[in-house]
Amino acid sequence: MDSILEEQTEPDMQQPKQQVAPPEAQDGTQRVLRKSSWAAGKQRIRVSRPIFTQYNFDARYQFTEPQSGNGIPGGQETGLSWGGENSGDSGLGARLRRQLHNLRCSGDCALSNAFRLLPCLAIMRAYRPRSDLLPDLAAGLTVGIMNIPQGMAYALLAGLPPVCGLYLGFVPLLVYFLFGTSRQVSMGTFAIASLMLAESVSRLAGGAGRPPVPELLDILGPPPAMYGPDDANETTSAMGNPLVGEAKAWYRTQVALSVSLLAGVLQILLGLMRFGFITLYLSTPLVSGFTTGAALHVLSSQVPAIFGIKVPRRESHFELAVFYVDVARRLGETNPVSVLVSALSLGLLLLFRLFLSDRLRRCCRFPVPVELLLVVGATAISHLASLEANYGLRTVGVIPSGISAPRLPSVRLWPALFQDAALLAVVMYVCTYSVCKIYAEKNNYQLDANQELFAYGLVNILGPVFGCYFSAGSLSRSQVQAELGGRTQLASLVSATLMLFVLLFLGPMFSQLPNAVLACIIVVALKGLLMQFTDAKRLYRISKFDFSIWMVCFVSVVALNVTYGLMIGFAYSLLTVVCRTQSPRVSILGRLPLTDIYQDYRYYQCAVQVVC
């Protein structure tokens, strides 16, 4: 049967009223011009042609694949004669020749591949120093200053020495500058990544009063000679994640570096397999509910440091409930000085963020680094008043200066860490890519999902070699970098340079910094994540399915723990997709008489289906 294509054309006023039908075309198409009966002065062109299948279309119009002299489609002579003269174009020799031809790369192709592998080349090629350099310098210095207190605080959140967090402000920024496609994201420490990492670190390396698991001791052996045998009996605390001496801190660090390295390898493999599409399955309600629930876990982990008490981390399916029961039992051990320092720190930070920051922004183009000022002031007061010696206030402790020597973490721990590394790699990829996507849309440039996955993998492979645990994109620092007008990742180079200066010269000066101050910095930094509670109200108005995904993931994370909560939320999200596809809303349309309107014929009895 013929298909009909109609279009309206304006009549030519210079032509006579009589129209002559054009002759039939060679392909069987017939055109007829006639006066329209329903609109004076209008003309209609009706094109009638037969309907083809692909096979009939190719046969009728004699489709042939273009070939060169040696049988390579569209190619040039290569001088190869695989398979002999009688091998034929469809033989193994011809297919191999085609593959070899496809491997040939011109100069433009090589340049394009270089720009794809190293996006920094394309970005810096279009760099405009007059308009871009000053904003990048301002953004880089500000973010670098923020990295100092946040790096130490989030390292303690993961149960690691503070210097590990400072390392994250140097090496990951350099690697992402070369391979990343986002221009505003700030790589480094991230609260959710530190919390997820603390799960695996605590499970293998032990908690308060618990030694590492025997398998860990067998694999890693005794700590290096710098850690004496008597250190294993000394007890210190890292913001609710107690460490038993420097030897125990070494074991915890090795576990964190091993799981980070494995997560980076998994990200590289996923990037090579083009697994960037996995972001489609972790929907926005799922990520929002997960990060909001995880923020409550992060907030809870700072309670012991605020009250100056020791709370052991227990392995339990109802983690928060068990944790707060232990906190209630130990409130009698509260350190009044720690509570006073925490109250003053929280009051100062909240006063600045809620009331003073907007007013100061009108007067000063650069944001005031209130966190750094608080860290410097608290360190000076703690040192002058000897708060640790006189009042038992826990401090950061010794921070070594310099950069960690490159050393490959143990790969023998990978079988015990595979599940933790897989969750860390996928979840942090989605969180970081979500941050990158926000600023890419605002600034009108494209992201490459698979290249981003490849860049994150390289960051987390090279980082652990230099003492950095898992790195991800920070929402708070990225927001500051974007607000200050950061145009490219050159701002990250400025931040890395500042952090290098801190590592080489200023690190030991923060040894008297109270842990309570870092805990307050983390609590206030969670404001953006906790404000995601408003997403639930918005989703309820838009889609009940999306609202249920948010609630299931949030409740699962809060009631159980981060790992199981994410797995339950992800499974429920896929279940809602299956349910919606099993009962889709389908309408069979019919045309209403004397109109061009189509409606569901089950509800409009006079609607007539158009059958071809």
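Every residue, even glycine, has its Cβ placed from backbone N, Cα and C.
Predicted automatically and left uncurated, TrEMBL annotations should be read as such.
Keep in mind it's a predicted model, so treat the numbers as computed, not measured.
Copied from TrEMBL, the annotated features are:
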COMPBIAS  1-10  compositional bias 'Acidic residues'
REGION    1-37  region 'Disordered'
DOMAIN    134-552  domain 'SLC26A/SulP transporter'
TRANSMEM  155-179  transmembrane segment
TRANSMEM  255-282  transmembrane segment
TRANSMEM  337-356  transmembrane segment
TRANSMEM  368-385  transmembrane segment
TRANSMEM  421-440  transmembrane segment
TRANSMEM  452-470  transmembrane segment
TRANSMEM  490-510  transmembrane segment
TRANSMEM  516-535  transmembrane segment
TRANSMEM  547-575  transmembrane segment
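In this chain, the transmembrane segment (255-282) touches the transmembrane segment (421-440); three or more CB pairs sit within less than 8 A of each other, excluding pairs fewer than 6 residues apart. Of the Cβ pairs linking the transmembrane segment (490-510) with the transmembrane segment (155-179) and spaced 6 or more residues apart, 3 or more are under 8 Å, so the two regions touch.
For the transmembrane segment (547-575), the list of distant contacts is 195-196, 199, 281-283, 285-286, 288-290, 292-294, 296-297, 316-321, 419-420, 423, 427, 535-536, 539-540: same-chain residues at least six beyond its ends, Cβ to Cβ under 8 Å. Distant neighbours of the transmembrane segment (516-535): 149-150, 152-154, 156-157, 191, 239, 285, 288, 291-292, 294-296, 298-299, 302, 305-306, 308, 338, 341-342, 345-346, 349-350, 353, 371, 374-375, 378, 393-394, 396, 475-476, 479, 550; these residues of the same chain sit at least 6 beyond its ends, with a Cβ under 8 Å from one of its Cβ atoms. Most Cβ pairs within less than 8 Å of the transmembrane segment (255-282), among stretches 155-179, 337-356, 368-385, 452-470, belong to 452-470.
Between the transmembrane segment (155-179) and the transmembrane segment (368-385) there are fewer than 3 Cβ pairs closer than 8 Å, counting only pairs 6 or more residues apart in sequence, which means the two stretches are not in contact. When pLDDT values are averaged over the domain 'SLC26A/SulP transporter' (134-552), the model yields 83.
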